[in-house]
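Here is what TrEMBL says about this protein:
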type     : residues  : note
DOMAIN   : A:32-111  : domain 'RRM'
COMPBIAS : A:133-142 : compositional bias 'Basic and acidic residues'
REGION   : A:133-211 : region 'Disordered'
COMPBIAS : A:143-156 : compositional bias 'Acidic residues'
COMPBIAS : A:184-200 : compositional bias 'Polar residues'
DOMAIN   : A:214-291 : domain 'RRM'
Amino acid sequence: MSLSHRLPPGAAAVDPYYVYAPRPDPQRQGVLTLFVAGLPDDVKPREIHNLFSHRPGFDHCLLEYTGRGNQAVAFVTFFTHESALSAMTSLNGTVFDPETGDRLHIELAKSTSRRPRGGGDIYRVIDKRANRTEGNADHENIGDEEAWGEDEDGDSDNNGGGSDEPSGTENENSSDKNEFPAEQSDQPGHKQQNGQSPSNDGRDKSSSDIPPCSTLFIANLGHACTEDELKEVLSKEPGFHVLKMRRRSGMHVAFADFTDIESSTAAMNSLQGTVLASSDNDGLHIEYARSKMRKS
DNA sequence: AGCACA
């Protein structure tokens with residue numbers, strides 16, 4: 001059907017990593033926009049449009065070249081929450097560029113994108129790159145951060161201001177293809193440790209080239225991971241003090257502070273790779289933080 | 001791979 005589903009020989013046809021838990025994130029219910037990461041830096045707006053526009057319930061999309069990490073993200077908006085979820089579950093994990101094998105990471109966005117005013121431009125683009133080598137830089141400043149309505153307040157009247165919202169096309173088949181996975185164990189006791197004994201007090205260079213630090217950087221958290229869930233696991237580690245979670249380019253990361261480098265090192269060694277109940281991917285990825293957490 | 005808080 002779609003060329004985006006064609007996988008190179010030898011690649012797994014179905015990637016279980018991207019089967020999302022059926023339990024919906026209550027904070028994101030009603031959001032009509034998908035957040036799409038894992039795009040190559042030379043992605044074109046047309047490619048995003050081609051991939052999503054024939055999905056049932058598609059409304060509009062926005063491509064942003066972030067100034068960071070040479071990567072692009074997209075915000076794709078649907079007419080209904082259900083059609084957004086349906087597109088997410090069927091396209092998540094798609095190999096976008098067979099040459100690199102990189103897969104799309106799709107999740108619900110923080111909030112619904114604002115509908116483009118006027119509806120003139122088909123392809124909305126924000127380009128924050130310093131060196132714009134691409135030819136489509138002519139779309140540049142079309143509203144900066146406002147373009148997808150990210151409010152720190154998380155107010156519910158984000159899109160309430162748009163009185164010109166056309167609602168005529170709203171009920172084109174939104175739930176004709178509910179292909180959600182049936183069940184998945186999400187009991188809180190489901191986490192699995194990797195069996196390291198805490199007697200490993202010595203410094204370890206398992207954290208690449210970042211110098212040891214009493215604060216740990218924790219990544220690869222599932223989209224549904226909560227601060228409480230992570231805190232419960234960390235609390236069992238000697239010397240644990242404070243946890244702070246943040247969201248960066250759509251992914252959760254966390255910082256955990258310990259009394260000293262010895263305890264942070266031991267905690268990193270024992271928790272590395274831990275699979276939480278909320279994981280939608282491999283286990284935790286833990287490194288020393290680049291700087292120590294500020295003393296409260 | 002993604003590293004904030006002041």
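The backbone N, Cα and C atoms fix where each Cβ goes, and this holds for glycine too.
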Secondary structure tally of the domain 'RRM' (A:32-111) (DSSP, helix then strand then coil): 19 helix, 31 strand, 30 coil
The domain 'RRM' (A:214-291) [mean pLDDT, rounded to integer]: 92
Helix, strand and coil counts within the domain 'RRM' (A:214-291) (DSSP): 19 helix, 27 strand, 32 coil
